[in-house]
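Structure first, then comments.
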Amino acid sequence: CSNTSLSSRIPSSVCPAARSYSLLESPGTAACAAGTASGPGGGTGSSAPLGGLRTLMVQQTSLDRPRETWSKKMDFLLSVIGYAVDLGNVWRFPYICYQNGGGAFLLPYLLMAVFGGVPLFYMELALGQFHRSGCISIWKHICPIFKGIGFAICIIALYVAFYYNTIMAWALYYLLSSFRPTLPWSTCTNPWNTANCNRYMSSDHNVSWSNTSTSPAEEFYTRQVLQVHLSPGLHELGSISWQLALCLLFIFTIVYFSIWKGVKTSGKVVWVTATFPYLVLLILLIRGATLPGAWRGVVFYLKPDWEKLLSTTVWIDAAAQIFFSLGPGFGVLLAFASYNPFHNNCYKDALVTSSVNCLTSFLSGFVIFTVLGYMAEMRQQNVDAVAKDAGPSLLFIIYAEAIANMPAATFFAIIFFLMIIMLGLDSTFAGLEGVITAMLDEFPHLLVKRREWFVFGLVCVCYLGALSTLTYGGAYVVKLFEEYATGPAVITVVLLEVIAVSWFYGTNRFCNDVQVMLGFYPGCFWRVCWVAICPCFLLFIIISFLAFPPEVRLFEYQYPPWTTVLGYCIGVSSFICVPAYMVYYLLNAKGTFKQRLLKSITPVPSGDSHRDFIVTNAV
């Protein structure tokens, strides 16, 4: 056997003894012929007779670094569940449920999940697992002209990181304030309290609650944590709160050291961050069920109002809730699935994780409304008067006040705010991992060996981008980002994604990919959903948003008209990547316009990268 210069290019794991191998090269493969057939004299290698039988083992290899994979299947499942189950499950679903007919809302919610949310969830997992690419580079295998979708997703993920982590910083502030015998939001004797503060504990039977009363929990949240009373509005945000800046720095430090090495480390962290919230929810559910008046909250939560199903608002809210709860379109499901083994059953994973997500939302409603019933009993008010707050206020004011009234308040406060932080952390891990995977797959030679530095730079950008949310008027910025920066843009992006996969790439081709990967062909239900129902589902949400733009309001601050224009500009700034890349691609492609157009919608084959060994005999 001859020793060729190619031996230096073949990894030692493929040819451990390159000098005793005959090295043959063909496109994409390296062949190692074992020259160990013994001749009559017992020699080896070149002393073997020409007619000797030799074994030729061909192993397909790549000179690139092998793709990282999950250490265990449960790492992947917990990461997806941790991403899908976030703060919105705890505060948004219960509020939307009671507002839209209680138990009757579950009907449109389940219909939207079955025909819209779960098919999109399944499609993204299958795409990521088959093509093993992030949300940018995957488009060359689907429809190259739509590559701008990947860049738009990355910008949207950055916008989310700018405001979402600030809510965790608030929770961390609460957590640190909980390590004392008397919780600071349970008394009216603090420097930040006003004359309207009304300490309404369960033992204070002589105190009456009026419309002008403010609870100590509300004043702690608005005047001590957020300090919104020091900012007149978005036009004058004020200074940065150094306490919140330190809290957010700590949050991002945890995020960095959880994701800097890839899914090998983040897959271990989610064993805590994805499971601990369920333990806390169970403890709080048991505690809430034993409180006086809890039944009033449960009845209010589940009592069906069937007439509300005739309102389009209910169906719009159901569609939006299931979409943002499952979270397709943020590049996360593509990224996570790309680290799976090729033949992993992502169909079963999609059904399991989406079911867990929906059940968690339903369970959270009991956790919240048993406590709201207790608050209504204490204040001698109706439950709807107590539950007027939505969003973060539901957690940081109403629930925090209820905890302050419980025995062992310090313990319950600590575990509750720890749960809030962990619910947010694994969603942040996932969102940033989507961006990191996309950029590393798109620029592998530049970034793969510098992952730690790239992640550090990304986290720094997110922290700097979040500084505006740490000002005295930062809560107004958080609300603006939440309403405009992500919602309409990401729904439009997912609509284009479904159209590109179902209509341009082709449902039949996509289903063939699934069959190669999983061993079975997707049924008629899934094909109809991908081709027709999902695009209509997404179009329905977009049109409703444009027809009924949200009235943005926070506390007593009514957002002026110019903020609506600013919000739409932020939303369009990410989506503009899609048409911009289409123009760029067509201008830079070669050939006539027809040839360029044809090339722009012709996918590049992924290649047969899933065959491991070919063993044959050669003379």
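Sequential numbering from 1, following the chain as shown.
Just so it is clear, glycine is given a Cβ too, placed from its N, Cα and C backbone atoms.
Listed in TrEMBL:
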- Gly82, Ala84, Val85, Asn89, Ser325, Asn357, Leu423, Asp426, Ser427: Na(+) binding site (BINDING)
- Cys188-Cys197: disulfide bond (DISULFID)
- 76-94: transmembrane segment (TRANSMEM)
- 106-127: transmembrane segment (TRANSMEM)
- 148-176: transmembrane segment (TRANSMEM)
- 240-257: transmembrane segment (TRANSMEM)
- 269-295: transmembrane segment (TRANSMEM)
- 315-339: transmembrane segment (TRANSMEM)
- 351-376: transmembrane segment (TRANSMEM)
- 396-423: transmembrane segment (TRANSMEM)
- 453-478: transmembrane segment (TRANSMEM)
- 484-505: transmembrane segment (TRANSMEM)
- 525-545: transmembrane segment (TRANSMEM)
- 565-587: transmembrane segment (TRANSMEM)
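Note: the stretches the transmembrane segment (525-545) and the transmembrane segment (453-478) are not in contact (fewer than 3 CB pairs below 8 A, sequence gap of 6 or more). The transmembrane segment (106-127) and the transmembrane segment (269-295) are not in contact, since fewer than 3 Cβ pairs between them lie under 8 Å (pairs 6 or more apart in sequence).
Highlighted in sequence order, Ile81, Tyr83, Asp86, Gly88, Ala274, Gly327, Thr360 have their Cβ within 8 Å of the centre of the Cβ atoms of Gly82, Ala84, Val85, Asn89, Ser325, Asn357, Leu423, Asp426, Ser427, the residues recorded for Na(+), and are not part of that set. Between the listed recorded positions, namely Val85, Cys197, the fewest other CB atoms within 10 angstroms of a CB are found at Cys197. When the Cα of Cys197 (disulfide bond) is compared against those of the binding-site residues Gly82, Val85, Ser325, Leu423, Ser427, the shortest separation belongs to Leu423. With a cut-off of 8 Å on Cβ pairs spaced 6 or more residues apart, the transmembrane segment (148-176) and the transmembrane segment (269-295) reach fewer than 3 such pairs and are scored as not touching. For the transmembrane segment (269-295), the residues of the chain that approach it from at least six positions outside its boundaries are 74-75, 78-79, 81-82, 85, 258, 360, 363-364, 366-367, 370-371, 373-378, 406, 412, 415-416, 418-419, 422-423, 425-426, 429, judged by C-beta separation under 8 angstroms. Between the transmembrane segment (396-423) and the stretches 76-94, 240-257, 315-339, 484-505, it is 76-94 that has the most C-beta pairs under 8 angstroms. Checked against Cys188 (disulfide bond), the binding-site residues Gly82, Val85, Ser325, Leu423, Ser427 differ in C-alpha distance, with Leu423 being the nearest. There are 27 other CB atoms within 10 A of the CB of Gly82 (Na(+) binding site), with all protein chains counted.
Applying an 8 A CB threshold to same-chain residues 6+ apart, the list for Leu423 (Na(+) binding site) reads Val85, Asp86, Leu87, Asn89, Val90, Thr273, Pro277. Other Cβ atoms within 10 Å of the Cβ of Cys188 (disulfide bond) number 16 in total over all chains. Cβ environment of Ser325 (Na(+) binding site): Ala84, Gly88, Asn89, Phe93, Gly117, Asn357, Cys358, Ser361 lie under 8 Å away, each six or more residues apart in the same chain. Long-range Cβ contacts of the transmembrane segment (76-94) within its own chain (Cβ-Cβ under 8 Å, at least 6 residues beyond either end) map to 70, 167, 263, 266-267, 270-271, 273-275, 277, 301, 321, 324-327, 332-333, 336-337, 339-340, 344, 349, 352-354, 356-357, 360-362, 364-365, 367-369, 390-392, 394-395, 420, 423-424, 426-427, 429-431. Around the Cβ of Ser427 (Na(+) binding site), 25 further Cβ atoms fall within 10 Å across all displayed protein chains.
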